[in-house]
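J.: Here it is, the structure in full.
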Amino acid sequence: TMPSIFSYQSAEVDWCESNFVRSAVIAEYYNTDGTSLFSFLLLSPLNFLVLEGAFSELQVTHGTFVPLLLAGVFSMYFHMTLSYVGQLLDELSILWTLAVAYSFWYPQAYFPKCIKTRRHFFWLTGTTTVISTLMSFIKPTLNAYALNCIAFHLLYMTWRELKKCNDKRVHRMAAVMVMWWVLAITSWISDRWLCWLWQAINFPYFHSFWHVLIAMSLLYCCPLVIYFDVSYEMPSFKPKLEYWPSDSWPVVVPYVTLEEPHKQC
């Protein structure tokens, strides 16, 4: 008989961490408790709070970050149960988060020629998301690879924007973002492809590192995206990157401030 899609360990994916070692009800303890909780349920609200000022100016709803918070919840559920439903919810919540981000923040200057307005782009993004959601049920093991590939498009867009920007602070923040992403994807690939090695030395925790590192990358990515969005959507304002609580602290949270409107040439 077919196992229930809600059953423990019914997913097509099982990460390197040994199952049910530290808990009888949590399959992957470190992937579930420590990293998902820290990464998405603590760092995401922190980012959400420091960016609130920019959001109020840009009139972007706080709902932009709701899918990201859901991704954290679904990730915890997936790693706790390793269920088929948990796997799909984990992956689809990331897809939906990307769809919302693209809908709000993708620069209109890069729209396809057939798309004339943001509203039309919403329809394009929505249609693509629905099709991608349905396709994700065909071969769930490929979903994570496909989602990770979207990062290359985001990096390409960042590179194009940096070519037009002379602010060294922006370039430095982009470099830090890329550094965290490289560490994150290296951890993800290591856990996926070198599991035999990490289990041999009794250190199968690289997927938990991925959770923390990708959250750190997002902590820098979000204000960077908003910085570029202000440049396009509010040209009368000058965006400026700041750090909370202070530039001098070794660990900081970046955010965007808007200087007074200035006269355009």
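Indices start at 1 and increase along the chain as displayed.
Glycine too: its Cβ is placed from the backbone N, Cα and C atoms.
Annotated Ca(2+) binding site per TrEMBL: Asp14, Trp15, Glu17, Asn19, Glu28, in sequence order. The transmembrane segment annotation in TrEMBL covers 37-55, 67-86, 92-109, 121-138, 144-159, 171-189, 209-230. Per TrEMBL, Zn(2+) binding site is recorded for His79, His207, His211.
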J.: Including all protein chains displayed, how many Cβ atoms other than that of His79 (Zn(2+) binding site) lie within 10 Å of its Cβ?
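T.: Around His79 (Zn(2+) binding site), other Cβ atoms within 10 Å: 28.
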J.: At a C-beta cut-off of under 8 Å, are there same-chain residues at least 6 beyond the transmembrane segment (67-86) that contact it? List them, or none.
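T.: Sequence-remote neighbours of the transmembrane segment (67-86) are 3, 5-15, 19, 25-28, 31-33, 36-37, 39-41, 44-45, 93-94, 96-97, 100, 140, 211, 218.
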J.: Would the transmembrane segment (209-230) and the transmembrane segment (92-109) count as touching if the test is at least 3 Cβ pairs under 8 Å, pairs 6 or more apart?
T.: yes
J.: Using all protein chains shown, find which of the binding-site residues Asp14, Glu17, Glu28 scores highest when you count other CB atoms within 10 A of its CB.
T.: Glu28
J.: By CA distance, which of the binding-site residues (His79, His207, His211) lies nearest to Glu28 (Ca(2+) binding site)?
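T.: Answer for the nearest of the binding-site residues: His79.
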J.: Using the Cβ centroid of Asp14, Trp15, Glu17, Asn19, Glu28 as the reference point for the Ca(2+) site, which residues of the same chain not in that list have Cβ within 8 Å?
T.: Cys16, Ser18, Ala27, Asn31, His79, Leu82, Pro204, His207
J.: At the Cα level, what's the spacing in Å between Asp14 (Ca(2+) binding site) and His207 (Zn(2+) binding site), rounded?
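T.: Asp14 (Ca(2+) binding site) and His207 (Zn(2+) binding site) have their Cα atoms 11 Å apart.
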J.: If we check Cα distances from Asn19 (Ca(2+) binding site), which of the binding-site residues His79, His207, His211 wins as closest?
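T.: Result for Asn19 (Ca(2+) binding site): the nearest of the binding-site residues is His79.
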J.: I need the least crowded one of these binding-site residues (His207, His211), counting other C-beta atoms within 10 angstroms of each C-beta.
T.: His207
J.: Pop the Cα-Cα gap between His207 (Zn(2+) binding site) and Glu17 (Ca(2+) binding site) into the table, whole Å please.
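T.: Between the alpha carbons of Glu17 (Ca(2+) binding site) and His207 (Zn(2+) binding site) there are 8 Å.
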J.: I need the most crowded of these binding-site residues: Trp15, Asn19. Count other C-beta atoms within 10 angstroms of each C-beta and give me the top one.
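T.: By the 10 Å Cβ neighbour count, Trp15 comes out on top.
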J.: Whole-number Å distance between the CA of His211 (Zn(2+) binding site) and the CA of Trp15 (Ca(2+) binding site)?
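T.: So the Cα of Trp15 (Ca(2+) binding site) lies 13 Å away from that of His211 (Zn(2+) binding site).
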J.: How big is the gap, in Å, between the Cα of His207 (Zn(2+) binding site) and that of Trp15 (Ca(2+) binding site), rounded to a whole number?
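T.: The separation of the Cα atoms works out to 7 Å.
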